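Trainee: Among the features that TrEMBL reports, domain 'Obg' is placed at 1-159. What TrEMBL records for 160-333 is domain 'OBG-type G'. The GTP binding site annotation in TrEMBL covers 166-173, 191-195, 213-216, 283-286, 314-316. Feature annotation from TrEMBL assigns Mg(2+) binding site to Ser173, Thr193.
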Amino acid sequence: MKFVDEAEIRVEAGDGGNGIVSFRREKFVAKGGPNGGDGGDGGDVYLMADTNLNTLVDYQFEKYHQAERGQNGMSTNCTGKRGDDMILRVPVGTRAVDIDTAEVIGDLTKNGQKLMIAKGGWHGLGNARFTSSTNRAPRKKTNGTPGEVRNIRLELLLLADVGLLGLPNAGKSTLIRAVSSAKPKVADYPFTTLVPNLGVVRVESHRSFVIADIPGLIEGAAEGAGLGIQFLKHLERCRLLLHVVDVLPADGSDPAENAVTILKELDKYSDKLANKPRWLVFNKLDLVLEDELEEVIERVTKAINWEGPVHSIAAASRTNTERLAADILNYIELLPVEKPREQIEDAVNFKWDDYHQDVLAVADDLDEDDDFDEDDYDVEVIYKR
Ligand SMILES: Nc1nc2c(ncn2[C@@H]2O[C@H](COP(=O)(O)OP(=O)(O)OP(=O)(O)O)[C@@H](O)[C@H]2O)c(=O)[nH]1
Ligand SMILES: [Mg+2]
């Protein structure tokens, strides 16, 4: 299946139903009181994480999603029915971003987690609400408010502990093949990897971590060169980045310059990513003599002012890769667990009573038609026998 990691959709929550004007009319009750009911609230739109899904492809085709409108109020003080919510199922790891404001609405990181992305409109009040000691037959009512309309970008972020970073051809895919059972394509040309791959690295039977291989970065990636930096977002949830450096690039480029290029692009992408724990991993040590390797390591670490951990491996022959995997696991097990940025269903901090009080407080401003004649009023006036 095609790997789709982004989709743009438009969601519309339901409008609130209107309140109505209605009076009780029965035989022998010539002037019964007002009995127009409130409308129902509009339905909300939610995202819900579901482990059974692994792509956003469905949302590439179905882009418009709407929750139900609240029903209008009815006579005899009957409240309209609340509109049904619309629940959109998305893969675990989906992030919702408001396209118009660029606000990250939330991340769905657990199966079953729900996130409201558009709130339904409030209900309008029926005329029965407006009865007061001075006005026994109010002809006021309010309409429901419109439901929220939002343009949302869904982004599927891989949930990996460790992310690989490096130029094309550095050997990232070879490394993930060496340490996990993932089998991404490996080839001696740049941009072999076009979509991210995940691999589970099992160090012992019960100890494992997930590693993500993403397409290579090149100079100017932040401005869109190569495949751009769009895939870096997949590294945002990683706890450790491995910066893979080819010690003897086939194109004759300088490993030190290459390392600087990667860090520049990383800085341009985000501070958060640039400040994540990072290890430097020199790959293809089989291509150089030991002295040369020392020399390359020294030059690269100097060029990028590196004082952090350094590993050297040959991913193709799996030299030192097992040790690297064990070190990674020991390291991430000691890291404090990062609390995922998440938003479980918004707490409802809203009380209908308050809402009613507020609407009633401004009710004096509402137009009340003094020439009111029930006969030519087009909103329900019920006469009962
Ligand atoms: N000699 C040697 N070659 C290696 C080693 N690791 C990878 N290679 C070769 O380097 C080339 C690129 O490897 P990939 O794993 O495809 O590189 P990548 O970083 O995933 O590249 P992109 O997907 O294009 O970003 C392939 O021809 C590999 O066989 C190594 O340890 N030693
Ligand atoms: Mg690759």
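A Cβ is built for glycine as well, from the same backbone N, Cα and C atoms used for every other residue.
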Trainee: So how many other Cβ atoms are close to Thr192 (GTP binding site), meaning within 10 Å of its Cβ?
Mentor: 17
Trainee: Can you figure out which of Lys172, Pro215, Lys284 (the binding-site residues) comes closest in space to Thr193 (Mg(2+) binding site), comparing Cα atoms?
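Mentor: Given the candidates Lys172, Pro215, Lys284, the nearest one is Pro215.
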Trainee: With every protein chain in view, how many other Cβ atoms are within 10 Å of the Cβ of Thr193 (Mg(2+) binding site)?
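Mentor: Other Cβ atoms within 10 Å of Thr193 (Mg(2+) binding site): 22.
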Trainee: Among Gly166, Asn169, Thr192, Thr193, Pro215, Lys284, please name the binding-site residues whose Cβ is nearer than 6 Å to ligand 2.
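Mentor: Close enough to ligand 2 are Thr192, Thr193.
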Trainee: Show which residues of the chain containing Asn169 (GTP binding site), separated from it by at least 6 in sequence, have their CB under 8 Å from its CB.
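Mentor: Same-chain residues close to Asn169 (GTP binding site) (Cβ under 8 Å, separated by 6 or more) are Asp188, Tyr189, Pro190, Thr192, Gly216, Asp246, Pro249, Ala250, Asp251.
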Trainee: Roughly how many Å separate the Cα of Ser173 (Mg(2+) binding site) from that of Lys284 (GTP binding site), to the nearest whole number?
Mentor: 13
Trainee: Tell me which of the binding-site residues Lys172, Lys284 sits in the most Cβ-dense spot, judged by other Cβ atoms within 10 Å.
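Mentor: Neighbour-count leader: Lys172.
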Trainee: Name the secondary structure element type, per DSSP in three states, that contains Gly166 (GTP binding site).
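Mentor: The residue in question, Gly166 (GTP binding site), is strand (DSSP, three-state).
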Trainee: To what whole number does the mean pLDDT across the domain 'OBG-type G' (160-333) round?
Mentor: 90
Trainee: Kindly assign Ala314 (GTP binding site) to one of the three DSSP-derived states: helix, strand or coil.
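Mentor: Assignment for Ala314 (GTP binding site) reads strand.
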Trainee: With every protein chain in view, what's the tally of Cβ atoms within 10 Å of the Cβ of Ser173 (Mg(2+) binding site), excluding that atom itself?
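Mentor: Ser173 (Mg(2+) binding site) is surrounded by 26 other Cβ atoms within 10 Å.
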Trainee: Other than its own, how many Cβ atoms are within 10 Å of the Cβ belonging to Pro215 (GTP binding site)?
Mentor: 25
